[in-house]
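Below: the structure, in structure tokens.
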Amino acid sequence: MGFSVAIIVSLAALTSAASVPNANLKRQVSQLQSSYDFVVVGGGTSGLTVADRLTQHLTTKKTLVIEYGDIQFAPGQFDPPTNWITPHPNAPPSWNFNSLPNPEFNGKTAFVRAGQVLGGSSAVNGMFFDRGTKFDHNAMAELSGDDGGPPLTKWNWSGMYSYFKKSVTFTPPSASVAAKYNYTWDEAAYGGTGPVYSSMARFQWADQPVLRRAWQEMGINPVKECADGTKEGICWAPASQHPITALRSHAGNAHYANVQPRANYDLIVKHQVVRVVYPNGPKSGPPRVEVRSLLDNTLFNVTVTGEVILSAGALHTPSILQRSGIGPSAFLASAGISTVIDLPGVGSNLQDHSGPPVTWSYSSPYPSFGPLPSQMTSNATFKAEATAAFSQTPAEGPYTLAGGNSAIFVSLPHMTAQYKTITKKIRKMATDGSASAYLPPDIRTDPAMKAGYKQQLLVLAELLENPDSPSLESPWATSEAPGGAMALSFLLHPLSRGTVRLNLSSPLDQPILDYRAGSNPVDFDLHLAQVRFLRRLFNTTTLQGLGATETAPGAAVAADDAALKGYVKQAAYLSFMHPCCTAAMMPKPKGGVVGRDLKVHGAKGLRVVDMSVLPILPAAHLSATAYAVGEKAADIIIADWE
Ligand SMILES: Cc1cc2nc3c(=O)[nH]c(=O)nc-3n(C[C@H](O)[C@H](O)[C@H](O)COP(=O)(O)OP(=O)(O)OC[C@H]3O[C@@H](n4cnc5c(N)ncnc54)[C@H](O)[C@@H]3O)c2cc1C
Ligand SMILES: *[C@@H]1O[C@H](CO)[C@@H](O)[C@H](O)[C@H]1NC(C)=O
Ligand SMILES: *[C@@H]1O[C@H](CO)[C@@H](O)[C@H](O)[C@H]1NC(C)=O
Ligand SMILES: *[C@@H]1O[C@H](CO)[C@@H](O)[C@H](O)[C@H]1NC(C)=O
Ligand SMILES: *[C@@H]1O[C@H](CO)[C@@H](O)[C@H](O)[C@H]1NC(C)=O
Ligand SMILES: *[C@@H]1O[C@H](CO)[C@@H](O)[C@H](O)[C@H]1NC(C)=O
Ligand SMILES: *[C@@H]1O[C@H](CO)[C@@H](O)[C@H](O)[C@H]1NC(C)=O
């Protein structure tokens, strides 16, 4: 393996592009090296993980990262003098997407963000740092197919767990902090020395233990450690933050800024990858990378000799592929792009977590427990104390708690005795073929997409039936959350599938998202079961003792299927910012886009490494998974080139 010919670039073109003066860049555009073996497209969560590892281990090979955003680290979104209720006004930029209207949700759009900065979404996210279950990852491995590849390319739990561990350095809380908040953990789930930090906040608002007691009254049991592959119950999740400073740890600092300068690790920011180009067809890769400077709009090609790694995230990777002529051929034709590889799955398997809240209010006067987050804005003394505490070493106080770090994860069998009615419906629509009517219209009749969806539904039915595999997440939310006390219902394993497609009137801009939420009607059965389960909160002695009064959906609505469905349609958030699965790791005859080695089917020298490659969502927020996928992908690529 390997290649010896040095590469690249039309350096002339590169140097003519406007350079971006930035003190944090280790090299300006004009100083770029004369040859690159690897180009990583997107300096986000997975992309920087791969670039860091490739340059660390393949010391004779040169890697260039091309990032759309700038280098902009502090202040983070939740850093003083702000908290999560009033995010920092100068937080790093994000793409803001409003999806097409969702007909099943009264025409409501999904609002989705994605980081547009070095570090990608890990630099702007909520820092809740949990992992999916072993059931999720074994299901993904099953969907990825058995292509006879080496063990390294198996994506089952045992093939992933070591990469979850490797990616982070977890620092447990001190004994006194642990005792104060009843934190539990098991160091066996960690033990890595990765450059991303995770730790537990040294603060909780006073209503956290209240909800925790109520959860236990609902029959949900605390789980000692939720990061070891099982997490059905009440979970603590570490946050992606430094154990001493409590500042955000993200891909931009962990995998770039904190890396000692390496002669083989280059980055350009403020440049957009337009597409990859195969001058002699996709079998004679690697492709060239066509890049647009965001400063002067010039276009240039980067010639690559090793591989191009697409890591632009689940919303942008499919748009780069489509601009490259890799995607659903009928759609490409409508866009006037000639098809290079007909891959109907590109941008066609969009999934996200979604769901409504249940809400309540407390009897007046407000419960006597405190402090609650409003003190940060209403009480200058409290705020001054919080700011002083944060600047101590180690940092203390409210600012060490970014959002929340606990949640319940509950399986369908633990929510409703009727769970088999639901999974039976799923199996029936999968096996009799009626489910394909729920696929996006432009790929609905494609035999590969139909076969893949059928398999996804069968695998999901199994997950939903498993009493240890969560279907619902409800993160702790303070009684002072915007809109009042609320407990959100996340649908962790949705059945509906949406699309990401280029905007034909401006194909270089953000793509068009069609979430198609609720297009598979069984998602509503799941939403209803989850809301009915969460309403048990209101019957707990803990909440009743505090005079909690349900404000929505209410007993009358909850008692009636049609009325409750109406509530779900009106109240649901259609994205919890976890878009995925738009270049799924599944075989080509199942509508997949990449194989278990993450190579794009039919394309030479082109891989995808980001949250696009998951075939289905895990029962987790995605950043820990994005790092683990980056770590595993790096090992796969290194093994190919070493
Ligand atoms: C607001 C928000 C809150 C979230 N909260 C949490 C949370 O609390 N916990 C959690 O675990 N997860 C959370 N997530 C999700 C998680 O952060 C993401 O799923 C994960 O980081 C995605 O990683 P990625 O590598 O797939 O993409 P990203 O990290 O988004 O990286 C993609 C990168 O590609 C760049 N890019 C895009 N297009 C181009 C192009 N054409 N050319 C060059 N560069 C390009 C982008 O600028 C970006 O830097 C949240 C996400 C958001 C947006
Ligand atoms: C799971 O993955 C590991 C590689 O990490 C592999 O050795 C093992 O055979 C896989 N198990 C199955 C059942 O595929
Ligand atoms: C911690 O757990 C103990 C025992 O379960 C309980 O009595 C106590 O109230 C808990 N404290 C907090 C802050 O949750
Ligand atoms: C990049 O290369 C392709 C294939 O040779 C070519 O069609 C395209 O015009 C080039 N782009 C630029 C900006 O030079
Ligand atoms: C304001 O915060 C201070 C310091 O924590 C506290 O002692 C005081 O009771 C608070 N005042 C109110 C009105 O809550
Ligand atoms: C597509 O792009 C055009 C031109 O920029 C814009 O006006 C339009 O809103 C976009 N469409 C969608 C659905 O985002
Ligand atoms: C709450 O308790 C009442 C009285 O026991 C019961 O009728 C109702 O079904 C319970 N509600 C929920 C959501 O469990």
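Residue positions begin at 1 at the first shown residue.
Just so it is clear, glycine is given a Cβ too, placed from its N, Cα and C backbone atoms.
According to TrEMBL, the active site, proton donor annotation covers His578. Around His578 (active site, proton donor), taking its Cβ as the centre, 25 other Cβ atoms fall within 10 Å, counting all chains.
According to TrEMBL, the active site, proton acceptor annotation covers His621. Cβ neighbours within 10 Å of His621 (active site, proton acceptor), excluding its own Cβ and spanning all shown chains: 25.
For Thr45 (FAD binding site), the count of additional Cβ atoms within 10 Å of its Cβ stands at 33 [all protein chains shown]. Residues annotated as FAD binding site in TrEMBL: Thr45, Ser46, Val117, Val273.
Residues or ranges marked as domain 'Glucose-methanol-choline oxidoreductase N-terminal' in TrEMBL: 313-327. Away from its own ends, the domain 'Glucose-methanol-choline oxidoreductase N-terminal' (313-327) comes close to residues 41-42, 44, 68, 95, 97, 112, 114-115, 120-121, 273-277, 282, 287, 335, 337-344, 346-347, 350, 500-502, 507-508, 510-511, 513, 579-583, 593, 600, 603, 608, 610-612 of its chain (Cβ-Cβ under 8 Å, at least six residues beyond either end).
Feature annotation from TrEMBL assigns signal peptide to 1-17.
Listed in sequence order, Ala251, Ser311, Val609, Asp610, Met611, Ala626, Tyr627, Val629, Gly630, Ala633 are the same-chain residues six or more apart from Ser46 (FAD binding site) with CB atoms under 8 A from its CB. Helix, strand and coil counts from DSSP across the domain 'Glucose-methanol-choline oxidoreductase N-terminal' (313-327) read 7 helix, 2 strand, 6 coil. Checking each of the binding-site residues (Thr45, Val117, Val273) against His621 (active site, proton acceptor), the C-alpha distance stays within 10 Å for none of them. Taken residue by residue with DSSP, His621 (active site, proton acceptor) is part of neither helix nor strand, so it is coil. Its Cβ taken as reference, Val117 (FAD binding site) is surrounded by 25 other Cβ atoms within 10 Å in the chains shown.
Within the same chain, the residues at least 6 positions away from Val273 (FAD binding site) whose Cβ sits under 8 Å from its Cβ are Val41, Gly42, Ile66, Tyr68, Val289, Glu290, Val291, Arg292, Ala312, Ile320, listed in sequence order. Taking the domain 'Glucose-methanol-choline oxidoreductase N-terminal' (313-327) as a whole, pLDDT averages 98 in the prediction.
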